[in-house]
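K.L.:
Sharing a structure with you now.
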Amino acid sequence: MPMNIRIGQGYDVHAFGEGDHVMLGGVRVPHGRGVLAHSDGDVVLHALCDAMLGALALGDIGRHFPPSDPRWKGADSRAFVRHCNELLRERGWKLGNADVTVICERPKVGPHADAMRTLIAGDLGVDIDAISVKATTSEALGFIGRGEGIAAQAVCLLVPA
Ligand SMILES: Nc1ccn([C@@H]2O[C@H](COP(=O)(O)O)[C@@H](O)[C@H]2O)c(=O)n1
Ligand SMILES: C[C@@]1(CO)OP(=O)(O)OP(=O)(O)OC[C@H]1O
């Protein structure tokens, strides 16, 4: 009997660099640092894309949007999410739900989480209740604890469209 659900997980890290904001879930979050990245460096959306691609066994974000390709320089990562959504729709799937955890000491993510959920849900054409965004610190431990970077991990479930 063919499987009627698929699961995927994704993880992304970017180092902090010069700047005054970070893009998280499509939301411009004010911060004393920016991130070093080829695109806009949105770890929430990159982890989500990798979860969606993983659920389809279609490789990873770097395969679909190579960092060597100048087209993706400074790219809005919401376009990556919409592309991944097309890939799953073409194959007869839609996102059932996704759960993303951001890991950083700062910025505070909680106040922006609902704005991220709204944008992600809109881009994927699903109800906001299908999208969870939450956060944790690293309790001052390791590279994240030292404020050197920001990470996100995501899981998602695909269901038949
Ligand atoms: N960047 C972050 C980190 C955490 N939060 C919120 O704070 C809560 C406590 O974090 P701990 O790491 O001490 O467990 C966490 O549950 C989040 O609600 C945040 O908003 N942004
Ligand atoms: C998103 C891409 C786009 O070129 O580049 P980065 O913004 O550097 O982000 P990363 O998470 O390293 O994923 C690789 C690339 O696909």
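Cβ coordinates are placed from backbone N, Cα and C, and glycine is handled just like the others.
Pasting the feature list from TrEMBL:
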- 5-158: domain '2-C-methyl-D-erythritol 2,4-cyclodiphosphate synthase' (DOMAIN)
- D12, H14, H46: divalent metal cation binding site (BINDING)
- D12, V13, H14, H38, S39, D60, I61, G62, T136, T137, S138, E139, F143, R146: 4-CDP-2-C-methyl-D-erythritol 2-phosphate binding site (BINDING)
- H38: site 'Transition state stabilizer' (SITE)
- T137: site 'Transition state stabilizer' (SITE)
K.L.:
Where's the emptiest Cβ shell within 10 Å among the recorded positions S39, T136, T137, S138?
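P.N.:
Comparing Cβ neighbour counts within 10 Å for the recorded positions S39, T136, T137, S138 gives T136.
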K.L.:
Of H14, S39, I61, T136, T137, the recorded positions listed, which put a C-beta under 6 Å from ligand 1? Please answer none if none do.
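P.N.:
So the answer is T136, T137.
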K.L.:
Calculate the distance in Å between the alpha carbons (Cα) of T137 (site 'Transition state stabilizer') and D12 (divalent metal cation binding site), and round it to a whole number.
P.N.:
15
K.L.:
Within the set S39, T136, T137, S138, F143, which recorded positions show a CB-to-ligand 2 distance under 6 A?
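P.N.:
With ligand 2 as the reference and 6 Å as the Cβ limit, the list reads S39.
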K.L.:
Distance between T136 (4-CDP-2-C-methyl-D-erythritol 2-phosphate binding site) and D12 (divalent metal cation binding site) at the Cα atoms, whole Å?
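P.N.:
Here the two Cα atoms are 15 Å apart.
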K.L.:
Enter the number of other CB atoms within 10 angstroms of the CB of I61 (4-CDP-2-C-methyl-D-erythritol 2-phosphate binding site).
P.N.:
24
K.L.:
Express the distance between the Cα positions of F143 (4-CDP-2-C-methyl-D-erythritol 2-phosphate binding site) and H14 (divalent metal cation binding site) as a whole number of Å.
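P.N.:
About 11 Å separates the two Cα atoms.
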K.L.:
Across all chains shown, how many C-beta atoms besides its own are within 10 angstroms of the C-beta of H46 (divalent metal cation binding site)?
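P.N.:
The answer is 27 other Cβ atoms.
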K.L.:
Please list residues from the chain of D12 (divalent metal cation binding site) whose Cβ is under 8 angstroms from its Cβ, counting only those at least six apart in sequence.
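P.N.:
Result: V43, H46, A47, D50, I61, A151, A152.
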K.L.:
Long-range same-chain neighbours of H14 (divalent metal cation binding site), Cβ under 8 Å, sequence gap at least 6?
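P.N.:
Within the chain, H14 (divalent metal cation binding site) has Cβ neighbours under 8 Å at V35, L36, A37, G41, V43, G149, I150.
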K.L.:
Mean pLDDT across the domain '2-C-methyl-D-erythritol 2,4-cyclodiphosphate synthase' (5-158), rounded to an integer, is what?
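P.N.:
PLDDT averaged over the stretch: 98.
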K.L.:
Just to verify a number: CA distance, H38 (site 'Transition state stabilizer') to S138 (4-CDP-2-C-methyl-D-erythritol 2-phosphate binding site), in angstrom, no decimals.
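P.N.:
Distance (Cα to Cα, whole Å): 25 Å.
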K.L.:
Neighbour count, 10 Å Cβ-Cβ cut-off, for F143 (4-CDP-2-C-methyl-D-erythritol 2-phosphate binding site): what number do you get?
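P.N.:
Here the count is 14.
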K.L.:
For D12 (divalent metal cation binding site), name the DSSP secondary structure in the helix/strand/coil scheme.
P.N.:
strand
